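K.L.:
Here's the feature list from TrEMBL:
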- 99-177: region 'Disordered' (REGION)
- 229-265: repeat 'WD' (REPEAT)
- 288-319: repeat 'WD' (REPEAT)
- 329-370: repeat 'WD' (REPEAT)
- 412-453: repeat 'WD' (REPEAT)
Amino acid sequence: MTSITSVELNYLVFRYLQESGFTHSAFTLGYEAGINKCTIDGSLVPPGALITFVQKGLQYLEMEANLSNNDAEMDEDFSFLQPLDIITKDVNQLRQMVKEKRKNIQKDRIKDRDKDKDKEVEREHEGERGRIREKERTEKEKEREKEREKEREKEREKEREKAESNKEREKQPEELAYRDMVLDQVDKDVARHEENGTLAGPEPMDIATTSTFASHDACEIHSSEVTILEGHTSEVCACAWSPTGSLLASGSGDSTARIWTISDGLFKSGGKNSPLNVLVLKHVKGRTNEKSKDVTTLDWNGEGTLLATGSYDGQARIWTTTGDLRTTLSKHKGPIFSLKWNKKGDYLLTGSCDKTAIVWDVKAEEWKQQFEFHTGPTLDVDWRNNVSFATSSTDHMIYVCRIGETRPIKTFAGHQGEVNCVKWDPTGSLLASCSDDITAKIWCMKQDKYVHDLREHSKCII
């Protein structure tokens, strides 16, 4: 009798977790079970193999319980058993259950015919009553909506008046002092910016403490002004506009990225009947596990001439605008969740589920430095300037790193959940982060503690 080994079972469970989107669980099982060391050829294992294996076992037990020497018993559907019954009872008990259920089905069919007649009459009456209730409900809802609109208009008017009266008082002495501190830091960093290729930068951002959305009316976009880009066969995980403006890149779970040419004429004509020029960047060739090639992240370089993509197989790829694969970068041992070009375009930064971030020398087509500071998967990365950057992780930590340094130059600790995203302001003085702990925080390189703690959200911020 053919048997299944523990190694094969572990691999099937690992594949099931991957295909179901349980990334962290799959990574933990793969690491502890040594999946990467097993000799199983993943390309030969079809998607959904574990589910198929369990279903076939249940079907075998069910058929064994139903089959007998009398073929006449097979003229009806024999799906009388539940999976729990099949697992917990022996064949003789299952056969007795099937026999009793067949008898009950015959009785139920006679009762059902009589009930169906009564239900049909009742449905007709209920349908009429439902139409009357729906009409009354619609009328009441219209009246309530009119009242709510009046209240909203009053609130908007109050907000506009309040915004005007408080416009000058919003600049508090503490905020002005903090702004002076940031500007002083920018002046001191000018020399470093020169060697990084940026002689000057924009002014630091003001951080508003009150919402301004109440002073603006909602803008509705008509469906005729919406263009739908169709072609992907699975969920779309990422998209990015090229700096040139006419190209849009998208990455999907179908193991492809696509470059769409979006012309001005597309929007002037409504986009419904205008042909789209699209390049398909395939991340898989021949028969293999397409799930491991999901395109999870992508980014254009500053000139819009190269597109970098990161995928679930742990590889970063660089493509031209004509759809040609220029470089494949391999060193990560887990899925790539984030990647970014630096402004100069000579380095590419990637963050992976293997807990590391890697800086790649694009011209040399090789890795320059690997940063192994996090204790959990690296979820996001963002350049501060051409040689330093920030990373965030499931370990709740944020590290600011610099090429050539073996330790972080700054550590930010304060989040109580996974830190999903980090983003520098244009000056590189302030860093924003968001987390599963339902907060967004703003950090300054001169302080260890966050300078702003934003707590208006009610769910995790991704």
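Backbone N, Cα and C define each Cβ position, glycine as well.
From a predicted model like this one, the values you see are computed outputs, not experimental measurements.
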K.L.:
Would you mind splitting the repeat 'WD' (288-319) into helix, strand and coil residue counts from DSSP?
P.N.:
4 helix, 17 strand, 11 coil
K.L.:
Take the repeat 'WD' (329-370) and find every residue of the same chain, 6 or more past its ends, with a Cβ under 8 Å from one of its Cβ atoms.
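P.N.:
Contacts with the repeat 'WD' (329-370): 23-24, 27, 36, 196-198, 294, 296-303, 306, 308-318, 376-383, 385-387, 389, 391, 393, 401, 403-404.
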K.L.:
What is the average pLDDT across the repeat 'WD' (229-265)?
P.N.:
90
K.L.:
Tell me the residue counts in helix, strand and coil for the region 'Disordered' (99-177), as DSSP assigns them.
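P.N.:
Per DSSP, the residues of the region 'Disordered' (99-177) fall into 72 helix, 0 strand, 7 coil.
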